[in-house]
Amino acid sequence: MKRGKLWGRLVSAAGLSLSIFLSSIGNVSTAYAMESNDALVLDETKENTESATDASSNEASDAEADNDTDEAITDASSKELSAENDGASESDSSFDEYDHTALPETDEITVTAAGELSTAKAELYTLAPREAREADNSLVTRDSIHDGAILHAFCWSFNTIADNMADIADAGYTAVQTSPINECLSTNPGMNLHGPDGMWYYHYQPTDWVIGNYQLGSRDEFKHMCDVADEYGVAVIVDILPNHTTPSTGSIAKALMEAAGGSDALYHATGKIGGGYTDRLELTYYSMGGLPDVDTENTGFQQYFYEFLKDCVYLGADGFRIDTAKHISLPDDPVPSDYSDAGRNTFYPNMREALNEYSEEVGTKSYDELFVYGEVLQGTNDRLAAYQQYIGGTTASNYGSSLRSALSSGNLSVNRLLDYQIYDDTAYGSTYTADTEKLVTWVESHDNYMNDSESCWKSIDDDMVIMGWSIIAARDAGTPLFFSRPNNSSAENPYGDNLIGAAGSPIYKAPEVKAVNLFREKMGEADEYLSNPGGNIQTLMIERYNDTVQGAVIVNAAQTRTTISTETHLSDGIYPDQVEGSNSVFLVKDGVLSGSVEGEGVVVLSEKMDGTGKVVSFYNNKNWNGVVARVDNAEETLDTIDENDGWFQVTVLDDEFTIRFESADGKEVSPEFQITAESGTFATPDSSELYYSKAEAEEGLGIHTYPVYFFNTENWGSVYTYGWLDGGAQLFGGWPGTVAVNEGSGWYRADVKTTGEITAFNLIFNNGNGIQTVNVEGITPDSKDIYLAVDAEKSNGQLIVNRYEDKESAEKALGVSGSYTTAYFYNTEGWDKVCAYTWGATALGDWPGKELTQDEDGWYSVVLPAGPSEDLNIIFNNGNNGKQTNDMKISDMKYRFILNNGISYQKYGSKKDAMEAIAGAGDVTYETVYFYNEKADDANWKNVYLYVFGGTDGEYNNLVGTWPGKLMEKEEDSNG
């Protein structure tokens, strides 16, 4: 047997398994597991097998960390394909560094004018109906979609959508978006989302532009779905993708090929050459992610494709989402020298004209009556504002990224979430103005969920999705789109039932989601005001108001209930929470809103009742087993809300009344309190006296509170505080103590409450599971250095802490906070320069990013203006000279120290740990990998690449280079 061979580096001393992929760029073989010291002979290939790796795709990913390659040649859940790349011009860029041959020059194609069909070609087309069409439901308009909410029924079949239309409408959605409805690749017609038969991406690989595919249903079923939607007043938006076809060109419909003038004419002259993501010419005329780039400027193709769009609207489509829209040229974009017509970039203007002409002909909606938006993932040269003008709307990928980052960190600061992060476009002398009203916003897209697990299901659970949705749907600008996650999905089982065609998770109709959708519809064009009540960045309030409507949505990202007492634009009155099943009531009196929101909860206020009331608080310092309230000696008691600090509150809808508090078992009873318009509302069990604040009440009981703060850079899931006095008396009971209060941005607060005078106390912070700080002793009532942070460089075993006088000093010393992150790199390979490139939560400019200077200790550091999150991405590189780390996420406050440990680039929790990894690195051994290429005669398998990944912590990822890996050497006299 003749074999091609490649010398690959492995570390046998590590004793860890790895996996490899063999590919030919457009095709991927089976993944093989390989143990250390094993020789390996491979003699089989298989197309379109997914990768199990979560290794990075290339040297730079899109600013949103989701990508345009959801429809790529292999299961996009693996990241072997090129992501949206703000800096992909370097030599080791995915697809760019390999030897590609452009398509041969083709003869000039004789085509008719846009919108006309020659007699000779008419038979090639599946023509849309030309009979006059009855009008749709008059309630379904572009405005009803724009001012409402869209459900993205990802991978739901047409019949499934129709069967669930009543629920969709009842949940307050004004539109439903389908997955692509065109004929698609079906060489391996699996019906799973993920796994060996996971073929969700097939419907992003068109083989023809006619309605119907094996995954979603037939043309008749599509029409039935549209008819049902019309009955319920729900619009239908179709996901379309004119930019590319499947790379399996043998599956392309003959009619499509002939309409374009032949197989070569269907694609751009450079349409099978991998392009970058920063140059407009490469963005629009080159292949993206291994998918051949359609010549969307070919008028024969345009006519064929526009007939597909006409058929869609004739059957009932009310709008379109254009996949990979920024990969199709705008009229003022450059044209390659391969073409003589400098004005050929006409796809979008001609699309508008064709749909308008069809509207006049048969009575369908005109272009401006349709809701059309394009997927324009933000990055260098995205030209978002210009696409808004030519298409009508665009996505808001950067805002989605910031929102997910905020949710995963629990930091809902207005400063972080107010700006939609879109900008005017002046690329070619004209000014296009970015418009927030033309945005489609999301918490996550299907690209995020299926391709970028780190920023979605690994870090954003269903409750966070609902909170994020409540934010974007409550806001004034844009149109929110709710991505339907797979049914029964979770972080442990992200694909849930793993079925194409089935309905997704029911969270799309959760009570909070429905309430916010109806709130959005009611608020219309009302003004918005965002605030963090009481300065609490874990709570966000979105107020909407004008002369005719008013309301507010409050989102609490903390895990515990939070009490609200804040100034508001709402008029005085009583506001019941509109979330179904909630009994919460909020009061507004003298312009102050009062109430409470449960942990990770959402409150929707849009209905005002006349009247007034009082919130009365009771301090349970006797540790009763539950607290209830009895008002005016009523037979029934009222439940109270535990504020998790010893206080319980109850809302009474009256200004004057008597109230007493009782233990849940009725054995303990407080004095009776007389509440008046002028009285205080804070009570204790020790007397009938009323106070005007918690602090005043606790002082009246002789209670002194001494807060101490802990900076949780260790990423503990919970922080416990154990305390004792010098005499041995415990402050919070036995070990591990009490749960500290999460204040957000990594800070936790422990309140030491004592009666009488004390001279000092002592604390230990711990995670409740065996990891703890050293004893923090000698804290006095007058101590100012009450802000504690772990010193990772000095710790060994128990964690040593340093004490600071404020949060800012601690954050500066550690180089991290909720709003900035310092990332560190040690240059073990002797690069002549070190640059940092970032995307997602923040950007440092185009590739290769910002050049760094060496610190005194030999490390390089860069301060990033964003807190750690799953969307804070960084690549250290040597300035576009072929060397770089893989994609690294700075997702927490600890693991920010990066170096090559002799095997791969890894993150460490301190400089000390990183340097110890170098000192303990073992010797490198080498193994030879052999592969027998049974498809050597296939042009797509002319070259074979080896990609390596694996290891417990991914240390073997990119071992021989980023995807597609290293070109294997063909042995002489072999068939390869």
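Residue 1 is the first one shown; counting continues down the chain.
Glycine too: its Cβ is placed from the backbone N, Cα and C atoms.
According to Swiss-Prot, the residue from N243, N345, N350, N356 that belongs to the Ca(2+) site alongside T284, D293, H327 is N243. Highlighted in sequence order, H244, H268, L283, Y285, Y286, M288, V294, T296, T324, I328, S329 have their Cβ within 8 Å of the centre of the Cβ atoms of N243, T284, D293, H327, the residues recorded for Ca(2+), and are not part of that set. A simple way to gauge crowding: the CB of D447 (site 'Transition state stabilizer') has 29 other CB atoms within 10 angstroms, across all the protein chains here.
Of the recorded residues, T284 (Ca(2+) binding site) and E375 (active site, proton donor) place their C-alpha atoms 14 Å from one another. Of all the binding-site residues listed (N243, T284), T284 sits in the most crowded Cβ setting, with the most other Cβ atoms within 10 Å. Comparing local CB density within 10 A for the recorded positions D293, E375, the maximum falls on D293. For N243 (Ca(2+) binding site), the spatially nearest entry among the recorded positions D323, E375, D447 is D323, judged by CA separation. Under the three-state DSSP scheme, D293 (Ca(2+) binding site) falls in the strand class. Comparing the Cα of D323 (active site, nucleophile) with the Cα of every entry in D293, E375, D447, these being the recorded positions, the smallest distance points to E375. Between the CA atoms of E375 (active site, proton donor) and H327 (Ca(2+) binding site) there is a gap of 10 Å.
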